[in-house]
Amino acid sequence: GFLGLSGAVLIQVYEALFPGKPSSFLLMLAIVPTLLSLSLMFLVKIQHHSHPHSLHDQNYINGFSLISIALASYVMLLILSSKLFVLSQWIHSISLLPLLILLCSPLGVAVKSGLRETPDSAPLLVADDETDCDLQQMDLLQALRSLDFWLLFAAMLCGMGSGLATIDNLAQVGESLNYSPTQCSTLVSLWSVWNFAGRFGSGYLSDASARRYGLERPALMVASLAAMGGGHFVIGSGLPGNLYVGSVVVGLCYGSQWSLMPTVASEVFGVRHFGTIFNAVAAASPLGSYVWSVRVIGYLYDREGGGVPGGCRGVRCFRSAFFILGCVAVLGSFVAVVLLLRTRGIYGTIMMRSRRRRSMLA
């Protein structure tokens with residue numbers, strides 16, 4: 001979720017501290033994230049033994065969740081304010097202070113967790129004896145020989161790839177439609193906020209729907225990819241407000257893919273080699289971005305513009321490209337349907353284990 005918000009947050013930082021100074025902003029991006037990563041490494045704990053999740057752990061996770069929701073709400077407030085009012089530079093600077101406080105708030109949660117006397121934190125993914133008996137635990141080579149891996153990879157190539165291609169070209173699409181630079185940055189900010197909503201909300205929704213209705217996670221992947229196709233069609237339609245509506249839909253669905261894909265991968269292939277399998281599937285995102293952004297959007301834009309950089313204006317510049325992306329996302333939805341049908345046995349086992357555990361706790 002925080003990753004999804006990063007684009008909107010960085011735009012606010014740029015407008016408050018580096019207006020008209022892109023080189024200084026890029027220098028900040030090169031230095032500050034590196035220093036933060038190095039300075040906060042001491043908070044990372046290696047767990048050598050698995051422990052049951054405790055109520056305290058859930059409280060800390062809820063704390064992170066509340067902070068992220070507050071941060072997203074504040075960023076959305078800033079975006080709406082900039083659209084409704086003409087804000088001076090000093091207002092941008094003042095508005096940055098609460099943003100920085102919210103960004104630093106997770107550190108307080110982490111420190112509070114670290115000061116706890118009984119370090120019974122549990123790892124995010126646990127491969128216990130029961131899981132080993134009931135579900136398969138594949139390594140990367142075994143996963144690569146599985147049709148399920150390539151179905152998941154193809155679905156993400158269509159979904160993540162087309163979504164990333166959209167954000168890569170969103171500002172240029174806005175320029176071709178005569179959007180101002182402020183409007184283009186607003187589009188990117190909206191994308192980031194709804195990307196957060198997709199990452200955060202789809203994880204909660206998939207868990208809740210699985211517990212209450214027994215809905216398999218790939219079913220939500222099917223719906224998300226189909227909706228993303230609709231968002232691409234809206235962007236390509238050229239209707240009034242198409243970029244605002246389309247960027248919200250595509251951003252929401254793109255974020256949901258990043259939440260659903262890791263969980264589906266862990267459930268289908270097991271958690272023992274989850275890291276390598278996850279990164280192998282995640283390679284579909286940059287690969288898809290290259291194919292759809294360079295070979296489709298870029299090619300069609302250059303053809304419409306006569307090969308002159310920035311020479312194309314109007315809906316025709318991107319209409320064909322986004323209709324193609326819409327078809328690609330719908331194709332990904334059909335691929336996800338095949339994955340859903342093939343993994344129903346696995347999810348049936350997961351549902352039975354979950355119901356058995358709940359009955360034992362009751």
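Each Cβ is built from the backbone N, Cα and C atoms, and glycine gets one as well.
All annotation found in TrEMBL is predicted automatically rather than curated by experts.
Per TrEMBL, domain 'Nodulin-like' is recorded for 1-110.
TrEMBL lists 25-44 (among others) with the feature transmembrane segment.
Per TrEMBL, transmembrane segment is recorded for 64-84 (among others).
Sequence annotations record features per position, and here TrEMBL assigns transmembrane segment to 90-111 (among others). Through the fold, the transmembrane segment (90-111) approaches residues 9, 12-13, 15-17, 19, 40, 43, 60, 63-64, 67, 70-71, 74-75, 78, 81 of its own chain, all at least 6 residues removed from its boundaries and within a Cβ separation under 8 Å.
What TrEMBL records for 143-347 is domain 'NFD4 C-terminal'.
Tertiary neighbourhood of the transmembrane segment (147-167): same-chain residues 7, 188, 191, 221, 224-225, 228, 232, 235, 247, 250-251, 253-254, 257-258, 261, 264-265, 268-269, 277, 280-282, 284-289, 291-293, 296-297, 322, 325, 328-329, 331-333, 335-336, 338-339, 342-343, selected by CB-CB distance under 8 Å and a gap of 6+ residues from either end. Annotated transmembrane segment per TrEMBL: 147-167 (among others), in sequence order.
Counting only same-chain residues 6+ beyond the ends of the transmembrane segment (243-265), those with a CB under 8 A from a CB of the stretch are 3-4, 152, 156, 159-160, 163-164, 166-167, 170, 173-174, 177, 179, 187, 190-203, 206, 217-218, 220-221, 224-225, 227-228, 230-232, 234-235, 274, 277-278, 281-282, 322, 329, 339, 343. If you look up TrEMBL, you'll see 243-265 (among others) marked as transmembrane segment.
Summarising the annotation, TrEMBL assigns transmembrane segment to 277-301 (among others).
The transmembrane segment feature in TrEMBL is assigned to 321-341 (among others).
Mean per-residue pLDDT, taken over the domain 'NFD4 C-terminal' (143-347), amounts to 91. In this chain, the transmembrane segment (277-301) lies apart from the transmembrane segment (25-44): fewer than three C-beta pairs between them fall below 8 angstroms, excluding pairs fewer than 6 positions apart. For the domain 'Nodulin-like' (1-110), the number of residues in each DSSP class (helix H, G, I; strand E, B; coil) is 89 helix, 0 strand, 21 coil.
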